[in-house]
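Inspection log for the structure reproduced underneath, given as structure tokens.
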Amino acid sequence: VENVRLLDRLSSRKAALGTLYLTATHVIFVENGSETRKETWVLHSQISSIEKQATTATGCPLLIRCKNFQVIQLVIPQERDCHDVYISLIRLTRPVKYEELYCFSFNPKLDKEEREQGWKLVDLKEEYNRMGIPNNHWQISDVNRDYGVCDSYPTEVYVPKSATAHIIVGSSKFRSRRRFPALSYYCKDNNASICRSSQPLSGFSARCLEDEQMLQAIRKANPESDFIYVVDTRPKLNAMANRAAGKGYENEDNYSNIKFQFIGIENIHVMRNSLQKMLEVCELKSPSMSDFLWGLENSGWLKHIKAIMDAGIFIAKAVAEEGVSVLVHCSDGWDRTAQVCSVASLLLDPYYRTMKGFMVLIEKDWVSFGHKFNHRYGNLDGDPKEISPVMDQFIECVWQLMQQFPCAFEFNERFLIHIQHHIYSCQFGNFLCNSQKERRELKIQERTYSLWAHLWKNRADYLNPLYRSAHSQTQGTLSPQMAPCNFLYKFWSGMYNRFEKGLHPRQSVTDYLMAVKEETQQLEEELEVLGERLANLQKSQLNDNKVKSKQQDRSRQLGLSMSNNSLANTPQEYSSDLKSFPSRSPSQGDEEDSALILTQDNLKSSDPDLSANSDQESGVEDLSCRSSSAGGCLPSEDSGKDSDEAVFLAV
Amino acid sequence: MEFAELIKTPRADNVVLHRPFYLAVEGTLCLTGHHLIFSSRRQDNAEELWLLHSNIDSIEKRFMGSLGTVIIKCKDLRIIQLDIPGMEECLNIASSIEALSTLDSVTLMYPFFYRPMFEIVEDGWRCFLPDQEFELLSSVTDEWRLSYINKEFSVCPSYPPVVVVPKCIDDEALRKVAMFRHGSRFPVLSYYHKKNGMVMMRSSQPLTGTNGRRCKEDEKLINATLRPGKRGYIIDTRSLNVAQQARAKGGGFEQEAHYPQWRRIHKCIERFNILQESLIKLVEACNDQSHNMDRWLSKLEASNWLTHIKEILTAACLAAQCIDREGASVLVHGTEGTDSTLQVTSLAQIILDPRCRTICGFESLVVREWLQAGHPFQQRCAQSAYSNSKQKWEAPVFLLFLDCVWQILRQFPCSFEFNEQFLIMLFEHAYASQFGTFLGNNENERSKLKLPTKTMSLWSWVNRSEELSKFQNPLFEANSLVIWPSVAPQSLQLWEGVFLRWNRPSKFLDEAHEEMINIIKYNKELQAKVNALRRQLAEMETDDRVQENL
């Protein structure tokens, strides 16, 4: 469709005229104008809603909201075209078969072996070995091979040694969806563990001997301690209501040596509505400070984030400080339980705060234990009531922790944002389906690629420059403020207003430090080379031989290449680099220059997350602006102006 | 008066000091004329706390049997608690502190007694003289002149002796204009934008009154700053409504009919007690840790502090935009031109002028746009967030300005030579200081108090390399561009460094800052080493060649 206008949300005066293309996988908007053929790519799987608004004199507006919080406003001149686009998009964004998803057509041009290597990057067996398991108290159980006991659990489950197959199966029959207690995290130092399950089918009075034995076995696996905590992450009222349906929670009287604890985290429906409300606030055209703060409070979002954190902190404290094992469950044990177990693990074990460890953590607590990715993130057309930002909340918890402990994580904010993007993108196979069983049936590993390999390849872009493995914050347990320090929880504009660059700090400390560190590394190398040459030279001077002329040649070359490097760090060059920070997508790393003439091919191979959006524009704008304004006025000035002008005047 | 008369109990033993995030410490409390000194002599951890009496905002006392407790709330927002054994001692100490922290006479303040223990490299009182500033200006334009019309402070008591005015306006005209402006604050030059020659002026409101008085000289003066055929903008920091109401009291605003070349824009920046109440509410919210998330956000919202920040920044951005983007000259005023006006003119300069983002440039900005421009520091900063007394002159106008600077700094973390600590330091010294810099309400009062001879300047202390190093931003890379901050609510944050400074653990953040410094320091060291080696190599190679040629 031609002559479509892409509106800028902050300023209605700034609209781009261009052509809209629909492909099998993307919506593409290409701006007119020969120099700045700026492209905006949006994956169909990212689109969460399409809204056709009332036709106006200028055309028919179409509003596209994305799951990665991008909002695109288009105006299509012909009502009929708009309708066609709308109908097509509705169909395209609601695939009914997994095979329609992008990951089955996505080809990063890796051979088979590389693909297999990629899937092997994260190995859970290795991870349990790292924790020190199997050992005297814990073993791997094959009771769930062929998914015979629980179809949403992995085939390999870790359980206490004293829990026989009989006990496990018996316990599983007493738990929702047969999700029996299994090991999530084990603390080598004091034998305390975190186990997870679903709610017991206790109703008002039912009990199950095997389930009681199971919990007893978990306690015995931690010989030092004479009780375990059972943490129900639901609000007490919800848990009680479940009893009427024959479900519920453990009765302390029936189980020997448990301490039962409610930690109220709301259910997926409350969370979905909360996010919805917060996004409405983010979308306000020019909100006053009161509108914004009031809306943020009203959405309850940060309150929910804090509830999840508090639960994680409680468990981490029980394990690290009291040396007591914890069994965590909610209703089905695949949403809140996953959030809480992974937050607690992250606090407890510095390994999960590394890039590799974080991948392992997600693979362990989310992917393998059957978090329902397909339902929660609406990959296939399904029940909208199943959709909920469960993982988004976990990712935000990590970000909130990063704010409090700036040196504790090996990865940076961008890493989190990219993971969030790919939970929805369906570009990689990792987060497909609702369980390991479904993924195996679909032969995901043979037909799609692993996100972890992709992220790992570009890890240089995701490093936190402040991370140092010897630093005190990277050691041991993190203990965040347990006191009700509400002010520690902040709105994450980097995520929820991700595509509105105008709102973010214009200079990134992270990128600056990363550039400095890169330069430092080059300097270290050069220092070594220079040192060697100096030594050689001194020797040769003594011997007075004639190798010199050759060396001088080399030295000139080296000097030159170095001066290029140092040039890359002069302020002007740097600030333009800063400007285009968001467009520095991992996959573009070494093709920065070609970023302007992105063809479809290299777009597809690169991370669509970043190439797919207006990020490109910053790079383009830079150049055009620099050439037009004949010096003096550099990029950051202009981009700042355009978006803000509207703001100042509007107020 | 002897301070000793006020100190009934100069010393108390076995006093216990409580502070958030620290263990309680036992030690000795001493009162001197200007300080409260607490020292613990425990072997493992000897420490001393020195608190200026003038830093104390309010004091509360409580008794539990014979154990008295004194809660001291400071102007820098810190709260400490002292448990003092003995009813009488406690009462004595509390009343002494109360008396010493509310001394009436300026000349009894600590700056008049303070003797510096450091060597003065450069006298801060002579650092930012108007003549020097004007020299910079006259190298780029000759359209302006220095006027000494206010030499004796006879024309405008709140102006400095020397001001910059258009060259074509003589002192006689200035005198007439002064009659037409509130408090005689006639329009003077605030900033000259080298890039396009546009200027920002500031003044107070014109005294048009209800019958629309006009003053030809005033019109001529501000028109003198316009290029032929160009229009200018008047930014009135009051809402139209407030400005109209001001006419009833003899004030008012420039009428279109008399100023046809000017377009007036009204912005609404709050003043006085509204700001003070906002500060009190904000600090209350920050100190109350008992409430849940929802109440925290609603209290933050209800304080309106961030709303004020947004309004001030928006007005400043607008002024900067008029000058840089529209290529127009700007006149800024509110009512008196001593508060919101200065917030706008000084912030606009930070946006426009890279020099103001350096340490020296920022100091000069504070001197020019706040001290010399007659912001009544003594009135505004007499009390801070904990004061119970309802005096009407207090307002955190300067703190709001610093907060706005911090917001810009946060958005452009590499464009400022100074760091957050520098801003916090200025906040502290504006409210309580051993230096004379922020004493008095204007230059007139300062000269009567003979501050330059009787007290030490803050700048003399700050501008030594030992101190400066604490205030330098390691990320600084000179940025010659205009920097446009975002004023969207999502972009504005609570200034934790000030408002949560005493009630959040800062260890992890401090560590991060240290890490950052180390990364950059190491890089610089390597650079130096590499350069040295390169030089050495080059020398050896030329030596070689010389030998070879021989």
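Here the Cβ of each residue, glycine as well, is placed from N, Cα and C on the backbone.
The structure displayed is predicted, hence computed values, not measured ones.
Check TrEMBL against the ranges A:93-120, A:121-148, A:233-260, A:513-540 and you find coiled coil recorded for A:513-540. For the substrate site listed in the record, the two most distant Cα atoms among A:Asn267, A:Ile268, A:Cys330, A:Ser331, A:Asp332, A:Gly333, A:Trp334, A:Asp335, A:Arg336 lie 12 Å apart. Report note: the substrate site is defined by A:Asn267, A:Ile268, A:Cys330, A:Ser331, A:Asp332, A:Gly333, A:Trp334, A:Asp335, A:Arg336, and the residues of the same chain whose CB lies within 8 Å of the CB centroid of those residues, excluding them, are A:Thr233, A:Arg234, A:Thr337. As a summary of secondary structure, the domain 'Tyrosine specific protein phosphatases' (A:299-343) carries 31 helix, 4 strand, 10 coil according to DSSP. Among the binding-site residues A:Asn267, A:Arg336, the residue whose Cβ has the fewest other Cβ atoms within 10 Å is A:Asn267. Of all Cβ atoms in the shown protein chains, 19 besides its own fall within 10 Å of the Cβ of A:Asp332 (substrate binding site).
On the 0 to 100 pLDDT scale, the domain 'Tyrosine specific protein phosphatases' (A:299-343) averages 95 in this prediction. A:Asn267 (substrate binding site) carries neither a helix nor a strand DSSP state and counts as coil. A 10 Å cutoff on Cβ-Cβ distances gives A:Cys330 (substrate binding site) a total of 28 other Cβ atoms nearby, all chains included. The Cβ neighbour count for A:Trp334 (substrate binding site), using a 10 Å radius over every protein chain in view, is 26.
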